[in-house]
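Reviewing the structure listed below.
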């Protein structure tokens with residue numbers, strides 16, 4: 001093919017095509033079909049403009065011989081074939097002198113007679129498919145599109161073909177000649193299919209032997225052989241009526257394609273019921289930290305030593321009492337468990353040498369809280385397969401819950417800035433390859449925007465707790481180990497700080513499978529009075545354990561300190577993902593990068609610096625009942641991060657289902673906004689699939705309510 005291109009096209013065209021490919025890092029020797037396509041496109045652009053001039057009266061004329069009359073002006077400005085910078089310079093100067101709207105993408109020609117840019121397409125497929133792809137890409141009323149095919153068909157905007165019959169016939173003849181020349185050399189099939197990105201390998205080898213028999217066995221019903229099936233598939237025209245296609249495929253399918261209009265979608269139905277409750281593995285906005293600055297005590301970095309040191313910074317402990325009981329639990333046991341923790345920490349201090357880990361005494365309250373001996377005895381299946389009425393436990397349907405306002409508050413808090421930095425600059429990780437300059441600049445800007453974010457604190461807290469719990473689960477399977485919940489950060493002045501949120505006591509943890517559960521009791525400090533939103537704390541027993549002096553604008557005030565206690569559980573696989581929560585930083589960084597890329601491609605230069613440093617510009621963050629919310633680029637970074645972190649903290653099957661199904665509806669609505677006239681069938685079924693995931697999960701319910709806000713504003 002490469003030889004053919006060099007023989008068939010003018011050397012100037014070949015040179016321009018090579019240059020264009022090199023600019024995009026493509027190799028003409030390897031991507032030969034692309035090489036041929038670029039040459040063909042260049043030649044069509046040049047032929048389009050050849051011999052067309054504008055005379056002194058401004059009329060369009062065709063001059064074929066080298067007329068010495070110098071007053072003629074070329075009718076078309078050729079943009080295709082110039083290097084990008086030069087091409088944009090030409091486009092800008094045309095726009096400045098004629099007042100024509102600047103196109104988003106580089107067009108191929110400018111027509112001085114009709115005063116419009118022209119996009120030329122040459123396709124090996126059907127012209128109207130290619131025309132639609134072009135129109136969708138450039139999305140501009142102003143740029144005129146003209147498509148030619150190798151079979152002599154053409155299509156142009158509003159059937160306005162710009163040139164006279166004869167000029168277009170010259171182009172069609174040339175394309176037909178190229179096609180015949182390729183075909184005579186056996187190059188045409190590969191060239192024709194490469195546009196669709198089809199793989200042409202299988203035409204060159206036959207499937208034989210076992211593979212052939214397997215292929216014949218695995219055909220859909222009613223097909224006798226692979227050939228028979230292949231012929232059927234090849235007969236599928238890619239365009240045409242979907243209903244017809246479906247009925248061709250199966251007699252049982254009768255889908256009516258309904259147009260999807262602004263009035264079609266309805267809001268998602270959120271469940272009724274009592275308000276949903278907090279289900280995260282640790283407290284988020286309600287957490288309270290006991291902290292030490294610039295820790296330098298003996299054994300600093302050993303969690304138990306750090307925890308004891310943090311506990312000693314607080315002097316307001318008092319006799320604990322229950323202020324919000326857990327509806328279903330034996331509440332005195334929760335109270336006894338906390339007293340036991342205090343007593344055993346006191347015992348440690350009385351010892352000569354503080355141990356590195358602490359295993360709690362297996363008291364009755366801890367055995368109850370950790371579900372010790374509660375699991376039904378496992379019986380070998382062999383011993384009971386003859387029992388006639390052997391059946392699984394009936395499990396109750398989960399109770400439907402309604403959306404509560406606390407989860408939106410949790411999310412807002414996660415987007416806020418704290419006064420400490422939770423990650424160092426290199427936390428997102430160096431690139432393995434020699435990292436490009438731009439990528440590291442972006443990473444540093446992004447890190448600066450999110451290092452103080454509360455969502456980042458949740459990441460580090462999650463990583464710490466899951467790592468500690470997984471370690472203890474493997475190292476001390478039978479013990480009720482006491483695990484402090486710790487995080488580390490830096491203050492504004494750059495001083496190190498160690499924080500204690502509370503404690504976890506883990507139960508027996510013989511985790512053979514990824515999904516085997518380890519129970520734990522969490523006890524977390526807080527200043528939030530649980531009686532303000534009792535529904536949020538349904539799964540907790542809350543004790544009042546002390547009084548804390550807080551500095552406020554009016555001086556010192558004393559506030560009760562609470563301890564939120566609950567039984568919880570997790571598994572190896574959940575802890576493994578919890579340890580990987582730093583990935584949320586990477587995910588949100590990639591989302592921001594794609595925004596920068598989009599901006600840069602419009603402006604034709606790298607926009608990283610402007611993107612982060614132009615403080616006046618606002619960006620869309622999300623939808624609320626008030627409309628589209630906007631904010632600074634930092635706010636966008638933190639919101640994307642918080643979403644990613646909440647997807648991790650509140651991961652659940654309901655979220656998986658909701659994300660997958662609602663995305664389909666989202667794409668349909670976006671297609672409607674882009675005027676692509678989407679059609680749907682069984683929209684009711686899609687709504688059912690989405691709504692069956694809306695049961696009781698706070699994060700899913702919040703996302704569904706955001707989705708409804710989006711629907712309202714998108715369809716106005």
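Positions of Cβ are set from backbone N, Cα and C atoms, glycine also.
Residues or ranges marked as Mn(2+) 1 binding site in Swiss-Prot (evidence: sequence analysis): 41, 108, 119, 120. Take the CB of residue 119 (Mn(2+) 1 binding site) and look out to 10 A: across all protein chains shown you find 23 other CB atoms.
The annotation Mn(2+) 2 binding site is assigned in Swiss-Prot to 80, 108 on the grounds of sequence analysis. Taking the Cβ of residue 108 (Mn(2+) 1 binding site) as reference, residues of its chain lying under 8 Å away and at least six apart in sequence are, in sequence order, 41, 45, 78, 79, 80, 118, 119, 120.
The motif 'Nuclear localization signal 1 (NLS1)' feature in Swiss-Prot is assigned to 124-139. Same-chain residues lying 6 or more positions outside the motif 'Nuclear localization signal 1 (NLS1)' (124-139) and placing a CB less than 8 Å from one of its CB atoms are 103-105, 145, 147-150, 153-155, 191-193, 195-196, 238-239, 674, 676.
What Swiss-Prot lists as motif 'Nuclear localization signal 2 (NLS2)' is 184-247.
DSSP states for the motif 'Nuclear localization signal 1 (NLS1)' (124-139), grouped as helix (H, G, I), strand (E, B) and coil, give 12 helix, 0 strand, 4 coil. In the structure as shown, the Cβ atom of residue 41 (Mn(2+) 1 binding site) sits within 10 Å of 20 other Cβ atoms. A helical conformation is recorded for residue 41 (Mn(2+) 1 binding site) in the three-state DSSP classification. In sequence order, 44, 45, 80, 107, 109, 118, 121, 122, 146 are the residues of the same chain, not among 41, 108, 119, 120, whose CB sits within 8 A of the CB centroid for the Mn(2+) 1 site.
Of all Cβ atoms in the shown protein chains, 22 besides its own fall within 10 Å of the Cβ of residue 120 (Mn(2+) 1 binding site).
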